[in-house]
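Q: Pasting in a structure now, in structure tokens, and then I'll have a few things to ask.
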Amino acid sequence: MFPTGLSSVYSVCGDAAGIAGNLFAFALFVSPIPTFKRIIRNQSTEQFSGLPYIYAFFSCLICLWYGMPVVSPGIILVATVNSIGAVFQLIYIIIYITYADKAKKLKMSGLLITVSALFLTVVFLSMTFFDSYERQTFVGYLSVISLISMFASPLFIIKLVIKTSSVEFMPFYLSLSTFLMSLSFSTYGVFKYDPFIYVPNGIGTILGLVQLVLYTYYSNTIGEDQEPLTNAHA
């Protein structure tokens, strides 16, 4: 046990990390706006993948449920950030579906329906068949899986970056926000003694750092010949 004073400082530091995570997460949620402004302007999704937004939407829903007091008391900052994130991701998915070609439109619509149904199933199962401790463990493992899937989804874009030697389709601020948000929530999870928070966000921190390294390398390689998307279309 910590002395009362030290425990109080520890709690404040944990809350500060959670608030920072919320702020960086908001930056992450708005960072695709230049991408979607380009999609709307060109009325085409071009080579942009919609999968990261599907993964992010599902992850936000699961983590929102994990952060609710009925599942995990004491980590409401997880619920607040993911409720906002779910709204942003849904808007992006709708825009993507609107301007995608027929094949992508059908695929994305099917995925949206699927993840929504999966989330409702998770809520039903966790409330019906599990007590409070088992519910937190069940949803916690699902949140870890969903977060890792979300953080790993940019690997598709990383492959494109390496193949084309261009960072056009990997916006810098998206990678930076992912890194900072993951680092903050990893710290928050440590302060809350919650491995369901700090383990996946620790992985997200590493993957975000990899994206930043690749961005730096290929930006220096292409020099002034190509502008990254977020600069060219901000």
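Keep in mind that glycine also has a Cβ here, set from the backbone N, Cα and C atoms.
What TrEMBL records for this protein is below:
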- 16-36: transmembrane segment (TRANSMEM)
- 48-68: transmembrane segment (TRANSMEM)
- 74-99: transmembrane segment (TRANSMEM)
- 111-132: transmembrane segment (TRANSMEM)
- 138-158: transmembrane segment (TRANSMEM)
- 170-191: transmembrane segment (TRANSMEM)
- 197-218: transmembrane segment (TRANSMEM)
Q: Which listed stretch (74-99, 138-158, 170-191) has the most C-beta pairs under 8 A with the transmembrane segment (16-36)?
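A: Result: 170-191.
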Q: In terms of Cβ proximity under 8 Å, which residues at least six beyond the ends of the transmembrane segment (74-99) contact it?
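A: Distant Cβ neighbours of the transmembrane segment (74-99) are 15, 18-19, 21-22, 25-26, 28-30, 32, 36, 39-40, 43-45, 48, 50, 53-54, 56-57, 59-61, 63-64, 66-68, 105, 108-109, 112, 185, 188, 192, 194, 197.
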Q: List, by number or range, the same-chain residues at least 6 past the transmembrane segment (138-158) whose CB is under 8 A from its CB atoms?
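A: Those are 49, 51-52, 55-56, 58-59, 62-63, 65-66, 71-72, 122, 125-126, 130, 169-170, 174-175, 178, 182, 194, 196, 199-201, 203-204, 207-208, 210-211, 214, in sequence order.
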